[in-house]
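In Swiss-Prot this protein carries:
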ACT_SITE  HIS86  active site, tele-phosphohistidine intermediate
BINDING   HIS71, HIS86  Zn(2+) binding site
DOMAIN    34-138  domain 'PTS EIIA type-1'
MOD_RES   HIS86  phosphohistidine
SITE      HIS71  site 'Important for phospho-donor activity'
Amino acid sequence: MFKKLFGKGKEVQKDIAIYAPLTGEYVKIEDIPDPVFAQKMMGEGFGINPTEGEVVSPIAGRVDNVFPTKHAIGLKADNGLELLVHIGLDTVQLDGEGFEVLVSSGDEVNVGDPLVRFNLEFINNNAKSVISPIIITNTDQAASINIYDENAVIKGETKVIDVTMN
């Protein structure tokens, strides 16, 4: 009843597709060279070894968090799914150098909307790895997660995960 009164009758879709936010090579989460991600301590997901320096939104939703160091963005879908797009590994230490954020916290985004541009060569030379984890940070709230084992992925086009939220 409250949802009808306050939610303006809008039915929230529990199913959501997560698309590749970067163009490059798909990497299984277990193969990400960082135990925090590989052991799924932050949640289920996958990685991409990018071939170009632009991140687009992998879901429709809103920007929940832009990290001050510009290396990561948190997104939230209407159904509650929370997603972290983390550009490279140990890139927090670059303190924003090599990154240009194109969105702000609270912005509405659609699949394929540009979020961040980054200097791929700079990250390659100055970070542990350019492999970029994409993590469902509230995995525990998902009823089901189906990950497609892709090879090459194209930003905003290749569907990588189907999620049904509780």
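Each Cβ is built from the backbone N, Cα and C atoms, and glycine gets one as well.
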Measuring Cα to Cα, how far is HIS71 (Zn(2+) binding site) from HIS86 (active site, tele-phosphohistidine intermediate) in Å?
6
To what whole number does the mean pLDDT across the domain 'PTS EIIA type-1' (34-138) round?
98
Could you check what DSSP calls HIS86 (active site, tele-phosphohistidine intermediate) once collapsed to helix, strand or coil?
strand
